[in-house]
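Worksheet: one structure, shown below.
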Amino acid sequence: MADSNMDAGTTTSEMVAEEVSLFSTTDVILFSLIVGVMTYWFLFRKKKEEVPEFTKIQTTTSSVKDRSFVEKMKKTGRNIIVFYGSQTGTAEEFANRLSKDAHRYGMRGMAADPEEYDLADLSSLPEIEKALAIFCMATYGEGDPTDNAQDFYDWLQETDVDLSGVKYAVFALGNKTYEHFNAMGKYVDKRLEQLGAQRIFDLGLGDDDGNLEEDFITWREQFWPAVCEHFGVEATGEESSIRQYELMVHTDMDMAKVYTGEMGRLKSYENQKPPFDAKNPFLAVVTTNRKLNQGTERHLMHLELDISDSKIRYESGDHVAVYPANDSALVNQLGEILGADLDIIMSLNNLDEESNKKHPFPCPTSYRTALTYYLDITNPPRTNVLYELAQYASEPTEHEQLRKMASSSGEGKELYLRWVLEARRHILAILQDYPSLRPPIDHLCELLPRLQARYYSIASSSKVHPNSVHICAVAVEYETKTGRINKGVATSWLRAKEPAGENGGRALVPMYVRKSQFRLPFKATTPVIMVGPGTGVAPFIGFIQERAWLRQQGKEVGETLLYYGCRRSDEDYLYREELAGFHKDGALTQLNVAFSREQPQKVYVQHLLKKDKEHLWKLIHEGGAHIYVCGDARNMARDVQNTFYDIVAEQGAMEHAQAVDYVKKLMTKGRYSLDVWS
């Protein structure tokens, strides 16, 4: 048994050994196969990936080269580049004028949108002989860069690039009624110097509250002699008229390829695709358009735009931008006085084939479309337009007057101020008053600036109205010194936008949302003090709606105070019922209304602020309250700010200078916010 058991055991051991050996061999074979397959797959996969990777690298390289403005300047023989930061088109217009000036000095210039180029390329600019970078930089809102200059601003803040050898000059566009007057232009000028660039002429400060055109002309007439002296060049002659675009008339054009008012992509209004922005606005349906006031002297209105299915998101305090259309009667009058067929399909093509800007507005299109949707025909034209138009005045006196107004002489500046600006003469009025002035319509379309979007503070909260954006506006209409009646382009156009009726017609508004820093505090318990006379109440309707919504959600909400001003309670008390309802429900802690014309002595919002000075100081100093001011920048905002200086000085027992510093620190911390206009 023992032997049998031993034999049996031996046999079992051998069998186990054989099994172990068998599985080990199988494992090795399988492992080898797996490794082989994986290796082959990996190599195969890698090869397959190398093709798109290589293509991607080529694309990136090409893209980088396209964004090199220095390479473009070398290729096209230019040595002056004029960058513009523009929100309303004025800075871009000034940049174009400066780039055209260059030819008078044997130089070649180009205007450039900083958004389209890599500004790190500035360090390579000295590779071009007698190269100069000019910056026409507007300031938007409260010291912010314009949308197209935001990336440039961010780059300047982050970079430490050496700009030694770079020559530059800056002209800033701003408004002195704003707290941060010309902040962007001043920053660019200072920062470029810090990075080693050489300023060849003093910073220019344009003030739109005064005469921006005169500020620019005065700076420009001193700037070019400084450039000549620096580079050792001389002017080649008098300023001459040089066409930038050539006319092409289309006699047999497929209408499907013709622009009919789109801002960017052809047929974008027929085939709407997000995201929606300045170059791709959303066509919103007007669902509500009601008059807010009882009086007949002015028309104040509340509109609601449907943004369902647009994927547009907004927050209380944001702005809505709308693209208006010019009055068809004005357009028709222009066509008649120029003897032009407005329905001709045409294109204006840039004579500079290397330019990024192929057309002054979307082409091909008709003159009617251009004058209705693309060109500004209601603002007084600038001096460069008058200079170019003068050649078409056949009557010597009219020709002389136009050239004089376009000159930099004191007499010319005074005449332009009085005859054009103060009289608010638009292009049609000038053509009517100068009968011999009859320019070709295509040249006029080349000269007129682009019609710009108008911005309105959104008068709703997305928490309550996620599918609609509300606008509060006053229709502008006034008589000029010449007896003409001028109307606001956008507000008159909005006023006529009737909601869909029984006939099924829809009133549409091209729009997009622009983000703002005008925001409610992060903590709902933080008290808010809102000051907004007239249509300045608009963003506060959204703020109050949001605070009311938070209360309905069971959230604890801090004190909400509104200081609102209007003329009379029975004339222009906007959102009267809504505000009374919020006050009754407790969402609005205090509703303080100043009526400026209801009693012999005028009462303004600042008077009501002084009346509540003790409580306001407690909310600000102890409660961490946030202050918001919306409305007129020239008078109201300044007076309100001075009132807060007085309150802080008196209640905080401070000297005036200390009180000013206290309020300025509130601004720096985001506790004193402004949404103002002039």
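Heads up, the Cβ atoms here are built off N, Cα and C, so glycines get one too.
According to Swiss-Prot, the topological domain 'Lumenal' annotation covers 1-21, on the basis of sequence analysis.
The feature transmembrane segment is assigned by Swiss-Prot to 22-42, with sequence analysis given as support.
Look at Swiss-Prot and you will find 86-91, 138-141, 173-182, ASP208 tagged as FMN binding site. Long-range neighbours of SER86 (FMN binding site) (same chain, six or more residues apart, CB within less than 8 Å of its CB): GLU92, GLU93, ALA95, CYS136, ALA138, THR146, ASN148, ALA149.
The domain 'FAD-binding FR-type' feature in Swiss-Prot is assigned to 279-521; the stated evidence is sequence analysis.
Taken from Swiss-Prot, the feature NADP(+) binding site applies to ARG298, THR535, SER596, ARG597, LYS602, VAL603, TYR604, VAL605, GLN606, ASP639. DSSP assigns LYS602 (NADP(+) binding site) to coil, not to a helix or a strand.
Feature annotation from Swiss-Prot assigns FAD binding site to ARG424, ARG454, TYR455, TYR456, SER457, CYS472, ALA473, VAL474, TYR478, GLY488, VAL489, ALA490, THR491, TRP677; the stated evidence is sequence analysis. The number of other CB atoms found within 10 A of the CB of ALA473 (FAD binding site), across every protein chain shown, is 23. ALA473 (FAD binding site) falls within a strand when secondary structure is assigned with DSSP.
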Secondary-structure category, per DSSP, in which PHE181 (FMN binding site) falls: coil
Nearest of the binding-site residues (TYR478, SER596, GLN606) to GLY141 (FMN binding site) - Cα to Cα: GLN606
Assigned conformation of ARG298 (NADP(+) binding site) - DSSP reduced to three states: coil
Per-residue Cβ crowding (10 Å cut-off), top of binding-site residues ALA138, VAL489: ALA138
Residues satisfying Cβ distance under 8 Å from TYR604 (NADP(+) binding site), sequence separation of at least 6: PRO533, GLY565, ALA594, SER596, MET636, ASP639
Per DSSP, three-state class assigned to THR491 (FAD binding site): helix
Least Cβ-crowded entry, counting other Cβ within 10 Å, from the binding-site residues listed as ARG298, ARG424, LYS602: LYS602
Nearest-integer angstrom distance between the alpha carbons (Cα) of PHE181 (FMN binding site) and TYR455 (FAD binding site): 20
